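Student: The structure under discussion is supplied below as structure tokens; questions concerning it will follow.
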Amino acid sequence: MPLAFCGTENHSAAYRVDQGVLNNGCFVDALNVVPHVFLLFITFPILFIGWGSQSSKVHIHHSTWLHFPGHNLRWILTFILLFVLVCEIAEGILSDGVTESRHLHLYMPAGMAFMAAITSVVYYHNIETSNFPKLLIALLIYWTLAFITKTIKFVKFYDHAIGFSQLRFCLTGLLVILYGMLLLVEVNVIRVRRYVFFKTPREVKPPEDLQDLGVRFLQPFVNLLSKGTYWWMNAFIKTAHKKPIDLRAIGKLPIAMRALTNYQRLCLAFDAQARKDTQSQQGARAIWRALCHAFGRRLVLSSTFRILADLLGFAGPLCIFGIVDHLGKENHVFQPKTQFLGVYFVSSQEFLGNAYVLAVLLFLALLLQRTFLQASYYVAIETGINLRGAIQTKIYNKIMHLSTSNLSMGEMTAGQICNLVAIDTNQLMWFFFLCPNLWAMPVQIIVGVILLYYILGVSALIGAAVIILLAPVQYFVATKLSQAQRSTLEYSNERLKQTNEMLRGIKLLKLYAWENIFCSRVEKTRRKEMTSLRAFAVYTSISIFMNTAIPIAAVLITFVGHVSFFKESDFSPSVAFASLSLFHILVTPLFLLSSVVRSTVKALVSVQKLSEFLSSAEIREEQCAPREPAPQGQAGKYQAVPLKVVNRKRPAREEVRDLLGPLQRLTPSTDGDADNFCVQIIGGFFTWTPDGIPTLSNITIRIPRGQLTMIVGQVGCGKSSLLLATLGEMQKVSGAVFWNSSLPDSEGEDPSNPERETAADSDARSRGPVAYASQKPWLLNATVEENITFESPFNKQRYKMVIEACSLQPDIDILPHGDQTQIGERGINLSGGQRQRISVARALYQHTNVVFLDDPFSALDVHLSDHLMQAGILELLRDDKRTVVLVTHKLQYLPHADWIIAMKDGTIQREGTLKDFQRSECQLFEHWKTLMNRQDQELEKETVMERKAPEPSQGLPRAMSSRDGLLLDEDEEEEEAAESEEDDNLSSVLHQRAKIPWRACTKYLSSAGILLLSLLVFSQLLKHMVLVAIDYWLAKWTDSALVLSPAARNCSLSQECALDQSVYAMVFTVLCSLGIALCLVTSVTVEWTGLKVAKRLHRSLLNRIILAPMRFFETTPLGSILNRFSSDCNTIDQHIPSTLECLSRSTLLCVSALAVISYVTPVFLVALLPLAVVCYFIQKYFRVASRDLQQLDDTTQLPLLSHFAETVEGLTTIRAFRYEARFQQKLLEYTDSNNIASLFLTAANRWLEVRMEYIGACVVLIAAATSISNSLHRELSAGLVGLGLTYALMVSNYLNWMVRNLADMEIQLGAVKRIHTLLKTEAESYEGLLAPSLIPKNWPDQGKIQIQNLSVRYDSSLKPVLKHVNALISPGQKIGICGRTGSGKSSFSLAFFRMVDMFEGRIIIDGIDIAKLPLHTLRSRLSIILQDPVLFSGTIRFNLDPEKKCSDSTLWEALEIAQLKLVVKALPGGLDAIITEGGENFSQGQRQLFCLARAFVRKTSIFIMDEATASIDMATENILQKVVMTAFADRTVVTIAHRVHTILSADLVMVLKRGAILEFDKPEKLLSQKDSVFASFVRADK
């Protein structure tokens, strides 16, 4: 057929110009083409020449991006313009098809306008990103011309009586409005930027973030199209496929998204609430108001997007209704009644009655709906992430001010705080993500019910009633599910606590043969957890079942009721399949209801917990002595605003205040020079708990400035508490603590600024920083150097001096990377002595004028202690006139003290110089004298020089390298370093980018067993086959309903027609019932499979780990093992089953849908191939990026949580150093790193979902177009068309879920892979060569030990730590073993228990070679006390006798021997008194005494003490030594000496050096030899 612009009819009115050219419709249309052609000719050269060249691309970088005024409005108007132009094109084609003649002018101008609109926005984008607004003048001209020409057309339409009944008139009016608005936007740009018509144009710089090329998260800065489609992520996803993603690849957060910005916003909201409500500033209601005030605006935006998306979602059912209804009726040819300007214009009704138009509108509605939905998700998640970062920062700042009593003995534990950070902040984040559903769900339900009623009539209310009535059941199931999850979490936490204790004390458990006891303890808790998990699985399966069964049941009841009770009503395919789609939409919000309710409840609980935490007590700042105000410019760097304690009711403390009222207003003593003291306490009463009895009573001390002060006393007398009270960490009941404010804070630090004072605290200025080394060393998860310098500038000379003073150089030399080696997990890669020395080195390195050292010698031998005292404390500190306060048990150092404070039972016994004690406390002084009895200075210097002689250090524990004798040969250093690097998993994090093998999936499924796996696969396939059969039968049924309608059925008997309907209804009922039953079977099978696998894997893992050799625990970080039991087991328990169910369901649904569409229209397969290729590459690129981003999200969260845990653990140290601001800055960096990873992961998920849903929309369009074509040619029934379209919509819904679940499953299977890796760990050989019947029951009854040519190593790849050792120990002998650090003392003791590889020689005990004994028998018949005390949470009785073999009298006897009987009797419950985790409610010395008592309980004939008295004062140690010698007179005792004087009374003394026996004789004989090494040790220890 010939084509012509104005039509092929010569007599057409389109050619007439007798009434003027503007009255000619074709001319007006041609006139409308002119502006578009103008724009194309002007802009194309600029785009292709200016921005198309490679040189120009170099200059267009995101650093020049900015948004012109009206940016978003322009893009929105352009999108609307494009939509209206598409409608105009379609309207023109339809209008042109009515007549025989073809009129190109009906749609060609609209096509040109469409191209021009796209060109205009591309042109605008390039100009905007290059910040060159003068070229916008072309757009100004274009919008002006387009507005004028379109207005002329609109006026001419009006003149020719073309009105609202014609769609062309409405579209033209809309175009006039749109062009006018775009013209106004362009004029506004001129007004604001003044780039033309003004003399002084305004220069606008791009955002500050874009000037920083490190900012790579560009979502806030890109144009609206890129925001909606995440187009800017394309380059990132492509790069991620080529190389791994790391923190450098994702860059930094924009300023507006950083934790500090959001924290400040939250603080402003809190301040605003505080001004409104002064009563409950931190209450839960105030927190909710503050959160809404700070982040509510973005939440409203997300909710708006969500409501728009939900409303657009109803376009699918309506378009299906229209298309199928159109195809189900006879084709009607519209006879033109009236022609205007020579052509016929279709009406709106005719336009929407066209099936192809509806298909295109459905496609566009799906695109827009998916875009709005993903925008809602993104905005909500971004808001939640920002909120999480703000709350985490607020929690951290609160921690910095938290009262120590809340952490040590109060209501707040470190675990609770970490849960608050890790769990509760995430609960709030996810609540904000689900929050838009709260008001979107009612809208969706109401609209859905109205549309169902419109389509089905009254019968629709039946199905809606079924869904709504079942909503309470869903809520009940969700509530039970939440309860089961909470119960599971409680048992899981208890199991992890027990597992953590078991792993931390694994050495003790193996030495005592208690593995099975603690393993059974964990398994008992696991059984309780599995019971709760079964309930969780049951309710999960019910929830899954209801999600899939409710739509089937609602459709069944509705359709059967519809044809049964309303026989004359319409049951055509259009009604049935539109209703089916509406039911699926209606069910969705009811499914979400349970999740939203659970999330809301969890958020309410989390906010309540947050409120309680923020309201907890804070520390006080101590007073400073009055001084002259400092100059204004000399404010101290660490000066902090004084803090106020939250008032509480403390009856016990108030009573003390009443008694000590006169002490409330005190000033420092003015005896002598006012500046001769550093700290002064007057009448101080201090307590840990708010309502407790004071731990320290009537404390009045004066610590001199620039001198060495020592605090001494017995175990538990309050020495460490006195230091903490001085630092302001204890609750002060009464009295006063004064810091000399004339002391400069540190080198380069000025005194505090008095202008920071408040009226309420005029005398409570802050003290300066104090270098503090706690008794329990606190190390950062950082390098050795970073732990020592501790954020201070690196000074090489000072650093070397500190390293030498702490004798750390030999230990550093043996580390894999020297002082750049990562140490973490509380320093578990290092020995106790090394941790202690690094902690002390930190205090020595700092430039503070005040240094507090809390028992720094407890874990050091005599040589290291003497060297640290001489080179560190005396030379580096005291000689530098720094104030040093030293808590110690080593009384031999008292002569060095300038001032001594003696404590007893929480009070000051006396303070003064050593001479003062000699004069006034003669008895105490004589007691000290007998303990210290030092030699002259010449001998001391000789000993120090001897200690400086070079020897290979063996200080590094077995976890790092060869340990003993490792560096004897220099040529093996490289081999050793390589091995250490391989063993040390903390030295470097290797990014595992390799794809997780699907063998892990096979291992997971095979763990379920072949029967359960077969049932799982068969039930899933059968269920989806039945679901397809249900919908196919519905199509057949509705097609028959068309034939059997009253107008067309032509039945002779109405009973025959009713019979046909009943047969269809009956078969439909059977299929639906079968489908519901299969839904139940599949949901139960999936959860049962998950339970069985979880139970089997955990049991295998626990049994394998508990039997692993000690070498495994020394070379594998504890956190890595614990993560297998925590996060990986949790993934297998709760996440993999649900992911597996979702993956199988979404995959089978997509396959079913594509199969049905291909069956309905086979030509669809042609279009399916390219779509499948695109889909494959999208998912391939996404899975790589998603896996990397997910791992990055997890790995960046670990340092954040670790930083919180480190801060809580080292809070006293941080506050003592005044490093709060530095640690807060690190927190912000960690939070931003985690948030940027989370945001990129969110953007990547949205990138995938937008593309997958766009592909789904394409599937719908192609399926609709092909179905319509086949139906119009009478090759396809309307029912099958409805079936195909319904399944096409299903593809668009489930395609992205399939890829997302595939990526999630790939990540989650990593947990299975990691656990199976641990299952390959080789176990210890517990079996013995001797049968149990051949071992005497009372073996060993004598205690005779023969050591024959014994050589020991820790691993077959390592060097020996003991070489050719021979010794004979007679029954009942007391053997003392000494030697320098690394000489092999501990290895010697471990050899008795076969904890090391005895590759040569043997040990014979009472005639039996221990290598032939079963390990459990051997270890249960010996006793050992380790250097590091290990206590478990539980009762004292459990800690002493977990096997429950001993009577109470035996336990009390052991406590009496250990000097603990009085302490335990004073506790509530006595033997049943509770010991907290790690024994934190007892001092370090008391914990060691409990370990001694535990060993005494066993009453074995061989007793080994491995530096067991390191944390005990000398007086108590001497008592214990006497008791041991008396109580164990008939037993063989092997003592590894911490203080050499403790083995002077031994029968024999063994001196080890480099793994060999250097000396082995009676102590008297060795002391008589002048050149004896043992004699030199004794002289050094005096």
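We count from 1, first residue shown onward.
Here the Cβ of each residue, glycine as well, is placed from N, Cα and C on the backbone.
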Student: Scan Asn10, Asn740 for the residue that Swiss-Prot records as N-linked glycosylation site.
Tutor: Asn10
Student: Swiss-Prot annotation N-linked glycosylation site: which of Asn781, Asn787, Asn985, Asn1050 has it?
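Tutor: Going through Asn781, Asn787, Asn985, Asn1050 one by one, Swiss-Prot flags Asn1050 as N-linked glycosylation site.
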Student: Cys6 forms a disulfide with which residue in Swiss-Prot, given the options Cys26, Cys87?
Tutor: Cys26
Student: With Swiss-Prot as the source, do Val28 and Phe686 lie on the same side of the membrane?
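Tutor: According to Swiss-Prot, which assigns topological domains, Val28 and Phe686 fall on opposite sides of the membrane.
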Student: Among Trp688, Trp739, which residue shares the ATP site with Gly716, Ser720, Ser721, Ser1483 according to Swiss-Prot?
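Tutor: Swiss-Prot lists Gly716, Ser720, Ser721, Ser1483 binding ATP, and from Trp688, Trp739 it also lists Trp688.
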Student: At a 10 A cut-off on CB-CB distances, which of the disulfide-bonded residues Cys6, Cys26 has the highest count?
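Tutor: Highest number of other Cβ atoms within 10 Å: Cys26.
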Student: Taking the Cβ of Ser721 (ATP binding site) as centre, how many other Cβ atoms lie within 10 Å?
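Tutor: The Cβ of Ser721 (ATP binding site) has 21 Cβ neighbours within 10 Å.
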Student: Rounded to an integer, what is the Cα-Cα distance in Å between Ser721 (ATP binding site) and Cys26 (disulfide bond)?
Tutor: 97
Student: Across the topological domain 'Cytoplasmic' (124-136), what does the mean pLDDT come to, as a whole number?
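Tutor: Mean pLDDT for the topological domain 'Cytoplasmic' (124-136): 83.
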Student: Taking the Cβ of Ser1483 (ATP binding site) as the reference point, list residues of the same chain whose Cβ is under 8 angstroms away and which are at least six residues distant in sequence.
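Tutor: Counting only residues 6 or more apart in sequence, the Cβ neighbours of Ser1483 (ATP binding site) under 8 Å are Val715, Gly716, Ser720.
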Student: Given the recorded ATP site (Trp688, Gly716, Ser720, Ser721, Ser1483), which additional residues of the same chain have their Cβ within 8 Å of the Cβ centre, ordered by sequence?
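Tutor: Once Trp688, Gly716, Ser720, Ser721, Ser1483 are set aside, the remaining close residues are Thr695, Gly718, Lys719.
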Student: So, by DSSP, how many helix, strand and coil residues make up the topological domain 'Extracellular' (154-169)?
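Tutor: When I sort the residues of the topological domain 'Extracellular' (154-169) into the three classes, I find 9 helix, 0 strand, 7 coil.
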Student: So, in DSSP terms, is Cys6 (disulfide bond) helix, strand, or coil?
Tutor: coil
Student: How many Å separate the Cα atoms of Cys6 (disulfide bond) and Trp688 (ATP binding site)?
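Tutor: Just about 95 Å between their Cα atoms.
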Student: In the topological domain 'Cytoplasmic' (1176-1249), how many residues does DSSP call helix, how many strand, and how many coil?
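Tutor: Summed by class, the stretch gives 71 helix, 0 strand, 3 coil.
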Student: Tell me the Cα distance separating Trp688 (ATP binding site) from Cys26 (disulfide bond), rounded to the nearest angstrom.
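Tutor: With the alpha carbons as reference points, the distance is 93 Å.
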